[in-house]
Amino acid sequence: MKIQSKVILIGTVMLVTTLLALTLFSIIILRPSYTALEQGDTITEMDRGVSSLQNDLEEMNRNLVDWAFWDDTYQFARGKDLTYPSSNLMKETFSNLNLNGLLIYDRDGNLVYAQGFNLTTDEYADLPEGLNASIATHHQTLFSGTGHQSVNGTLLLPGGPVMIAAAPILTSTFQGPPAGTMMMVRSLDQRWLARICSRSGIPVSILTIEQAAADPRLLRMTHPLNRGEPVTEPVDDLTIRGYQLIKSLDGNDGFILSVDNTRTITRTGSATIDGYLKIIGLFGVLFALFTIYLIRKNFISRLNILTTGVLSAEQGDGRRKRIEKIRGTMGDDELTVLGTAINRMLDTIDRAQAATEASEERYRSVIEDQTELICRVDVTFTITFMNRAFEDYFVADQAKGQKIRTLFPMMPEPVKERVVLFLKGLTPDEPVGETEILFQIKGDTRWAAWTVRGLFDATGVVTEYQFVGRDVTAQNQAFIELKEYRDHLEELVDQRSEEMMGMQEELLNIERLESIGVLAGGIAHDFNNLLSAILGNIELARMDLDEDSPLDERMAEMEQVVLRATALTRQLLTFAKGGAPIRRWVHLGPMIKDTAEFTCRGSPVKCSCRVPDDLWITEVDQNQISQVINNIVLNAVQAMPDGGILRVTAENSEYDCGEVVPLAAGRYVKIALTDDGPGIPAEQVSRIFDPFFTTKTAGSGLGLSTSFSIIRQHNGLLLVVSTPGEGTTFTILIPAAANGDVPVEE
C-alpha cells in the first residue's frame, strides 16, 4: 500500500474513531443522563398520584371519624334510634361524602346497616361485589380499632380495588364503650381515575396483580415493586410509564398504580446530541481533506521523485550513473539525507557481493563432500543452498527455489508449524538450536536431527537459516517402542496398586467396626441387664411412695434417665448386630421418598427427590433401611441450619466383579443423598463411621456407624464423598433381585 493511501486510511480511521468515541460518550454518558432525568420526572408524577390516593384516604377517614364519634350513630348502633338511616343516611350524604358504600356493625359484630351507592347515577345500589367476604377475611384488622383509633387502607375486590376506613362507634364526647364499628367504602373506579387525572394533569390507571403478571415487562420489575420502590419503563419513543405497588389493608399485594408521561426530555436531548455529532463530523471531514492536501504537496510528491531515482539506480549499468541520477533530483532536507544513505548502501552491497562470491566458491567443494544433510533457507523459507547428501536424502532433484513447506509434502502439518515457531525463536543472542523433524518418505517414517543456526545482519534481523542434520530413525523407533512398553507397565502397576489400596482400606474399616461392634454388643448386653434391675427397683420404690410424696417426682426423673440409657443400649446392639434384619422383598422407592421428606419437614432444608417407579426389587428390612436414610438426612439437615437443598436420587446399577470393592458382581439399587452444606474436612471423612465419633455438642455419635453396620448386614456398601465448601454425598448400594419376577410382599 502506498504512503498516500496509508495517510488517507489513517486519517479516515482517526476521524471514524473520533466520531465513534463521541457517539459512545453520548450513548454511555449523555443519553443515560437524559433518561435519568426523564425517569425522575415520571417518578415525581407517580408520587403525585400516590399522594392523591393518600389524601383521599385521609379525607374519607376524617369524614368517618365525624360520623362514628356521634351520639346519633352511637344510639343507632345500640338499637335505640331506628330513624337514624332515614334522617341521616340520605342520597345527598353518600354524594357529598363521595361514598360507594357505608356499613354499621353492632358491638357483637352483627351487620345492622349496609347500603351501596352509585356516584355516577346518584342512586342507591348494591355494595361492591365481594366486599362482605373481604371484610370477613380482614375481620381482625377492621374490627381492631380501640379508643379513638381508626383503620384505613385498600382492598382488592373482584370488581376492582376500593378504599375502606373503619372506626369504633363512640359518643360525641369520645366516650365508650364502643357500640360497634362504622365502615366507609369508596371504589377506585374510572370516575375516581378521571378525577385524579384532572387534578394532576397526567393519565393514571390501575392494574391488578393478575394483569401485571401477564405483562412481561412488569415481570422483570417484580423485585423492586415488592420492595415498595417506584419503577419506570419506556413504552415507546413518545411515552414512558411509571409503576407503584399499592399494598392492601393487611400488607399483602393489592394493585399497581401506573402513570404515563411524555418523553420530551429524551427526544429533545437526542436531537441536540445528533446535531452536535453531525456538525463535528462535517468539520472533521474538512480538516482531514485539508491535512491530506498539505501532506501530498510537501511530502508525497518529493518522495515519489526519490522512489523514481532508486528504481533507476536499480536498473542502471553502473554505480556512478545511479548516484548522479539520485543526487540530481534531491532537495536540501531530510529526503536528501535519505538519498545519500541509499548511495552509501549501494557501495556496501557491491563490496559485500564480491566478497560473498569469492567465499562461496572457496567453501562449495567442502560442503558438497559432507555426509551430513546441509541446506540454507531465507526468511521466506525458500531453499537457497543444499548439498548432495541433502538432495539424495529427500530425492528432490528440483528442490532449489521451492519453499520449505512445499519441499516436504510428507511432513505432517503440526510438524511444519512447530518448525516455523522454532525458527522464529532464534535470536542474535541465541542463534543456534536443535530439533527433530518427522517425515513420511515413500511410505517410510523417518526422523532427522537438525542443528539450526540463524544468520543475522548487523541490525539483528535474520537473513537466512542454516540446517545441518543427520538421520536418527533407528534410534527414535527403538526409543518409542521402549517408552510404549514402559507406559503400559506403569498403567498396569498403578491400576493394581489403586485396587489393592482400596481393598485394604475397606477391609481395615470393616475389621475395625466388627471389633468395636463385638465389644459394644457385649457391653450393651451387660449394661442392659443392669439397667433392667435399676428400672425394676425404681418401679417398686414408686409403688411404696405416696402419690403426693416429693420423692415421686425425683423417682420419675430417674426412670426417664434409665429409659434413655436403655435406648442407647439398643443403638449399641443395632450397631453390633445390624439389628438382626427381618428381610422382605420390597420396592424401596416410596419408602425412600417418604422418609427423606418426613425428616426434612419442619426444617429450613428443601428436599428434592428424584426416585423412578421402576427400581429393582430388594430383599431388605425396610425399617432398618428407613433408619439409615433418616440418619443421613438428619445429618444433612443439621449441616444446613440456614437452609439449603437436599437432593435424593435412586437408580438401578449393575457392577462387574472388582468394579466396586468389596462388592460382588451383580445388580444393585443405588441411593444418593447430596446436600449443600459446608462439607466434611478431609481428616474427618475416614472417622465418620467410627462409633461415638461426633463433632456436634449433642448426639451419641452412633447414627452413621449404626447405618454402616445395617448396610453391611444387607451385603451392601455405604460410601461418602465430601468437598469442603461444596457439600457431601452419601451413596448406598443395596443388592437387588437377580430378575424382576420376584414377588413383592406388602
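Each Cβ is built from the backbone N, Cα and C atoms, and glycine gets one as well.
As written in TrEMBL, here are the features:
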TRANSMEM  7-30  transmembrane segment
TRANSMEM  275-295  transmembrane segment
DOMAIN    297-354  domain 'HAMP'
DOMAIN    431-484  domain 'PAC'
DOMAIN    522-738  domain 'Histidine kinase'
The domain 'PAC' (431-484) - residue tally per DSSP class, helix then strand then coil: 12 helix, 33 strand, 9 coil
Arithmetic mean of per-residue pLDDT over the domain 'Histidine kinase' (522-738): 83
For the transmembrane segment (7-30), distant same-chain residues with Cβ under 8 A (at least six beyond the ends): 1, 269, 273, 277, 280-281, 284-285, 288, 291-292, 295-296, 300
